[in-house]
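S.K.: This structure is in structure tokens; I'll ask about it shortly.
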Amino acid sequence: MAKVYYNGDVNENVLKGKTVAIIGYGSQGHAHAQNLRESGVDVVVGLRAGSSWEKAKEDGFQVETVQDAAAKAEIIMILLPDEHQPKVYKEAIEPELSAGKSLVFAHGFNIHFNQIVPPSHVDVFLVAPKGPGHLVRRTYTEGAGVPALIAVYQDATGEAKDYALAYAKEIGAARAGVLETTFKEETETDLFGEQAVLCGGTSALVKAGFETLVDAGYQPEVAYFECLHELKLIVDLMYEGGLEYMRYSISDTAQWGDFQAGSRIVTDQTKAEMRAILTDIQKGTFAKGWILENQLNRPEFNAINEAEKNHPLEKVGRELREMMPFVKAAKQKGVVTSAKS
Ligand SMILES: NC(=O)C1=CN([C@@H]2O[C@H](COP(=O)(O)OP(=O)(O)OC[C@H]3O[C@@H](n4cnc5c(N)ncnc54)[C@H](OP(=O)(O)O)[C@@H]3O)[C@@H](O)[C@H]2O)C=CC1
Ligand SMILES: CC[C@](O)(C(C)=O)C(=O)O
Ligand SMILES: [Mg+2]
Ligand SMILES: [Mg+2]
């Protein structure tokens, strides 16, 4: 079994006296900055002028331009959207990379696909939480954490792995488990997971189930509860105790249906598509397409995003969630109907 690092395995003292620059204050940025600060680490946040700058200031952080933050810190964590990172790196971070500093990522995309090529005199490592930033923050405040992967790409100081482990511990990840990997493995598995299973696969499954029921004349509200709302409750059981615990909790009728129908939904053809998706990732075809889409100002991304927001599943979901104050968090934060910047 792979070595899994927990709090007791980590020497967090390597971060004593160091300043960490968190570049970006979005999903991951706000969580890393707040968790590190509460763990006693000195944090400076690097941003452009705008709404995140105001938010980070309100949250009590020292906020600087990206270049000034990079200049002040020994450890520079880049938590900008992957597609913005190469330009910001070139203009504002690279000039501040004196020998012995550490350049850190939460995802290996730009290093693995050669969009950022750092100088050899700095450490380059990643600390990649295996979960959304808002959960990295929420679980930390609950005394728990989201697991993370670490990987060292360049070890100029001889201490890169110790820094990575300490960083992972201070954001709460070593409460859940930290695994060592490579940039290649993290990048390819993360892209595969989000495309085939966690985001692409699940969204398509939910929509297909909803559409099948509605097209057959069932009420959209019933279809929403059945195919989307209840998914969280079922996945919570898997999270707590695997498929076995989920199957313990559901009825035997549901379990028999699970055994009979699952392989009719995820067929050999589905698995062949999964392998094709993985091949596109491994060969860099996906990365090339995403880089090009951004160079063209995202025509396809924006069109699909708009159409998805207007899907009947989303419309009925918005109405039903109005009546469930306990699931209103995203709406209250004003994020559910706006695209991410
Ligand atoms: N989202 C997640 O949960 C996960 C993300 N990751 C990785 O973490 C990294 C960050 O992703 P994520 O947190 O989703 O990113 P977000 O999209 O949430 O980042 C947005 C932040 O970046 C800032 N920003 C954007 N462009 C610039 C710019 N040109 N100059 C300065 N600041 C800018 C925004 O500021 P402003 O308000 O000014 O626009 C905002 O603070 C990525 O590498 C991603 O792959 C890894 C694991 C999970
Ligand atoms: C599943 C999507 C993710 O990889 C993540 C939250 O881990 C991402 O890039 O946001
Ligand atoms: Mg991920
Ligand atoms: Mg990802």
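Residue positions begin at 1 at the first shown residue.
Cβ atoms are placed via backbone N, Cα and C, with glycine included.
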S.K.: Taking TrEMBL at its word that TYR25, GLY26, SER27, GLN28, ARG48, SER52 bind NADP(+), choose the one of GLY131, GLY133, GLY143, GLY145 listed for that site.
M.R.: GLY133
S.K.: Do any residues at least six apart in sequence from ASP190 (Mg(2+) 2 binding site), in the same chain, have a Cβ closer than 8 Å to its Cβ, and if so which, in order?
M.R.: HIS107, GLY108, ALA128
S.K.: For the binding-site residues SER27, GLN28, SER52, SER251, which Cβ has the most other Cβ atoms within 10 Å, all shown protein chains included?
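M.R.: Sorting the candidates by Cβ neighbours within 10 Å, the top entry is GLN28.
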S.K.: Of the binding-site residues GLY26, ARG48, GLY133, ASP190, GLU194, GLU230, which ones put their CB under 6 Å from ligand 4?
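M.R.: Those binding-site residues that pass the cut-off, since their Cβ is under 6 Å from ligand 4, are ASP190, GLU194.
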S.K.: How far is it from GLU194 (Mg(2+) 1 binding site) to ARG48 (NADP(+) binding site), counting Cα to Cα, in Å?
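M.R.: Just about 28 Å between their Cα atoms.
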